[in-house]
Amino acid sequence: MTRQILVLGGDGIGPEVTAAAERVLRILAGRHKLALAFEHALVGGACYDATGLFITDATMAKAKAADAILFGAEGGPKWDSLELTGPPETRSGLTRLRRELELYANLRPIRPFEALLAHSTLKPEIVRGVDFMIVRELCGGIYFGEPRGIERKGDGLLHGFDTQDYSEPEIERIAHASFALARSRRRKLCSVDKANVMESGILWRRTLTRIGERDYPEVELSHLYVDNAAMQIVRNPRQFDVIVTDNLFGDILSDGAAMITGSLGMLPSASLGTPRPDGRRPGLYEPVHGSAPDIAGQGLANPLGAIMSAALLLTHGLGRPDLAQIVERAVARTLEAGIATPDLGGKAGTGEVLAAVIEAL
Ligand code: NAD
Ligand code: IPM
Ligand code: MN
């Protein structure tokens with residue numbers, strides 16, 4: 001059975017890094033009798049310029065039908081400054097995909113490669129052996145809460161406002177995803193919130209505690225306030241196994257945690273929904289970084305976050321963790337050979353890193 005992969009490169013370095021990830025997938029598919037069909041479509045600013053929308057209904061339909069989506073990045077100065085109104089789904093293709101496909105569980109693994117320990121901005125003895133997963137809730141919270149807007153209010157002043165809103169079922173499903181993941185790892189789950197200030201944080205903490213006591217007694221649950229969590233991640237990142245947190249905190253903590261690995265360009269992610277009746281699980285795979293307008297079009301982008309996202313696609317989207325391991329080993333060998341892009345202190349371009357990974361596959 002042929003598996004359909006929808007490739008949405010997007011803007012800036014997005015298409016540069018998804019092209020590299022697709023090459024890796026095509027080579028593995030050819031060698032291991034995996035029938036893959038790739039289709040490409042516009043998303044983000046590139047799509048807006050062509051159609052006036054950040055993603056079209058036709059592309060949404062393809063995304064829903066695909067076995068997996070390989071995503072690059074969207075956005076850039078040209079589109080970020082547009083004065084758009086309306087719900088977030090109409091202002092970003094990525095946000096619409098996450099919301100309509102209900103990709104609520106965003107997995108962001110933080111695992112530095114041995115060859116890059118000295119390149120982390122933290123000391124090698126702090127980052128050696130780090131292996132944790134940030135589970136970011138991706139379909140709720142302040143990204144989507146209503147009301148939101150910029151309006152003149154009764155005091156005569158202009159207000160910009162957003163709403164952090166989580167329903168109990170939204171917290172429950174991300175809790176189950178995180179506990180189940182922790183149970184398959186080192187059985188430690190740290191829930192991160194701001195329950196000392198936010199009502200949504202109180203419900204978050206209460207729900208995590210209830211579900212843990214009821215359904216996952218073998219998992220050790222702890223709680224941190226997000227400000228302390230940010231500090232703990234740089235103080236002693238080895239203490240963590242799985243971290244679960246809301247949409248906004250997860251966004252911020254993962255970019256910070258990226259520097260454990262040496263570069264934001266190294267971090268992959270998988271955004272997963274609930275398995276469909278036929279057992280297939282909707283999933284979008286993308287590097288954590290953005291479109292990097294400062295280096296776009298120069299052939300300097302680090303493709304490894306995208307290539308490692310393809311590895312997550314092999315595991316979660318195609319049920320081939322064995323092939324994902326081949327990709328990870330090839331990336332490790334490339335880095336051991338000292339072949340890296342400038343964000344990692346190297347001199348290689350995107351193409352040279354890709355060539356080295358392919359050589360090592
Ligand atoms: P960014 O992640 O694009 O870049 C931050 C810094 O990291 C830049 O200096 C960039 O050069 C560097 N960087 C990022 N990825 C890299 C890679 N693969 N190789 C080498 N260096 C890399 O964040 P930003 O500058 O805040 O945002 C730029 C645009 O991207 C904005 O429009 C933003 O909204 C968008 N964005 C999109 C996504 C996404 O599509 N998932 C994620 C983050 C930001
Ligand atoms: C990410 C990005 C997105 C987010 C933006 C581009 C909407 O920063 O995927 O981490 O904030 O979720
Ligand atoms: Mn982000």
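Even glycines carry a Cβ here, placed using N, Cα and C.
The NAD(+) binding site feature in TrEMBL is assigned to 76-89, 290-302. The C-beta environment of Asp80 (NAD(+) binding site), restricted to residues of the same chain at least 6 apart in sequence and closer than 8 Å, is empty.
As annotated by TrEMBL, substrate binding site applies to Arg98, Arg108, Arg136, Asp227. Taking a C-beta cut-off of under 8 angstroms and a sequence separation of 6 or more, Asp227 (substrate binding site) has the following same-chain neighbours: Lys194.
What TrEMBL lists as Mg(2+) binding site is Asp227, Asp251, Asp255. Around Asp251 (Mg(2+) binding site), the C-beta neighbours below 8 angstroms that are at least 6 residues distant in the chain are Arg136.
For 4-357, the entry in TrEMBL reads domain 'Isopropylmalate dehydrogenase-like'.
Summarising the annotation, TrEMBL assigns site 'Important for catalysis' to Tyr143 (among others). Long-range C-beta contacts of Tyr143 (site 'Important for catalysis'), restricted to its own chain and to partners at least six residues apart, with a cutoff below 8 Å, comprise Pro88, Thr95, Asn247, Leu248.
Per TrEMBL, site 'Important for catalysis' is recorded for Lys194 (among others). DSSP assigns Lys194 (site 'Important for catalysis') to coil in the three-state reduction, outside any helix or strand.
In sequence order, Thr90, Arg91 are the residues near Leu84 (NAD(+) binding site), counting only same-chain partners six or more apart with C-beta under 8 A.
Neighbour counts of Cβ atoms within 10 Å were taken for the binding-site residues Gly76, Pro88; the minimum is at Pro88. Cα-Cα distance from Leu300 (NAD(+) binding site) to Arg98 (substrate binding site): 28 Å (rounded to the nearest whole number).
Per Cα geometry, Asp255 is the residue among the binding-site residues Gly76, Asp255, Ala292, Ala296 nearest to Arg108 (substrate binding site).
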